[in-house]
């Protein structure tokens, strides 16, 4: 028998906190949880409060809460008024001066939800890093989640920072996001932006890869169980492979002439395509924040202006964008006092 004699190490406060945070429990907390849980709770709570009770009458001239008659698709937490610029709109700041009713009226809840939501999604990414390290696996889940973080931060924070105020960010609501998409198309011709094209290719390509991969795995399952369906035929502790990569490779080689030769390259490609799509679209939004133009085919515009018989899909889309601008601007930005001919102005429900 060996007896080790030594001095007991003193455990500091940091070690005690570290042990408590990383204790095995139903919901892991961790150091990342100190950022994630409070921020996520406040962001979701602020959003639910806003769509339930808070009006957008003072910032947008709109009804935006359940209390005013909106439903889940039309309710939103609206952006602050344009006159507020890029102020953080703190409850105790010079705008609200501690008056929570005034803070709701000027749109302070939007900055509250946007900032806490941003830190919340960053905390969730850090949580995946932390747990991956503790479990002993690679951190590719966290790397993949960097895509949604990039999109959220660029759309809700970077884009309005490049514009005149928070007013031009999307409000937190379904119909409000649709309005923002129309705004991006009308004022930035977003659908013709190559970064948007790469983003769409990445997201739809990722969905296609998921569908193909799932179907291929189902098609090549080893029949080593007697149960009637997939979910009962295998045990989670089985040591053998679930499906045949060799058979899958042979199938797709016959379909396309080429196929993935190993699982590592296959799954890395499935990771890369959608994440690259999200990152490229985020880069495109940064360009919009700086009002950079993407594709402007001026030669076609000039020829269409000179020749009434010459028209392309590009020139037709340009006319649609002009219509969006003239229809949206007067209603969406009443503080600018835009004046348009009466025949092109929106006519409410009489359309």
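Every residue gets a Cβ built from N, Cα and C, even glycine.
Some features that Swiss-Prot has for this protein:
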TRANSMEM  39-59  transmembrane segment
BINDING   116  chlorophyll a ChlzD2 binding site
TRANSMEM  123-139  transmembrane segment
TRANSMEM  151-164  transmembrane segment
BINDING   196  chlorophyll a PD2 binding site
TRANSMEM  206-226  transmembrane segment
BINDING   213, 267  Fe cation binding site
TRANSMEM  277-293  transmembrane segment
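Structural mapping of features recorded in Swiss-Prot.
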residue: 116; record: chlorophyll a ChlzD2 binding site; Cβ within 10 Å: 19
residue: 196; record: chlorophyll a PD2 binding site; Cβ within 10 Å: 22
residue: 213; record: Fe cation binding site; Cβ within 10 Å: 16
residue: 267; record: Fe cation binding site; Cβ within 10 Å: 14
>> For the transmembrane segment (39-59), give me same-chain residues lying six or more residues beyond its boundaries with a C-beta closer than 8 angstroms to one of its C-beta atoms, as numbers and ranges.
In response: 65-68, 70, 72, 75-81, 104-107, 109-110, 112-113, 116-117, 119-120, 123-124, 167, 171-173
> From the Cα of residue 116 (chlorophyll a ChlzD2 binding site) across to the Cα of residue 196 (chlorophyll a PD2 binding site), what is the distance in angstrom?
Replying inline: 27
>> Please report the Cα separation of residue 213 (Fe cation binding site) and the residue listed as 'chlorophyll a ChlzD2 binding site' in Å, rounded to an integer.
In response: 36
> How many Å separate the Cα atoms of residue 267 (Fe cation binding site) and the residue listed as 'chlorophyll a ChlzD2 binding site'?
Replying inline: 33
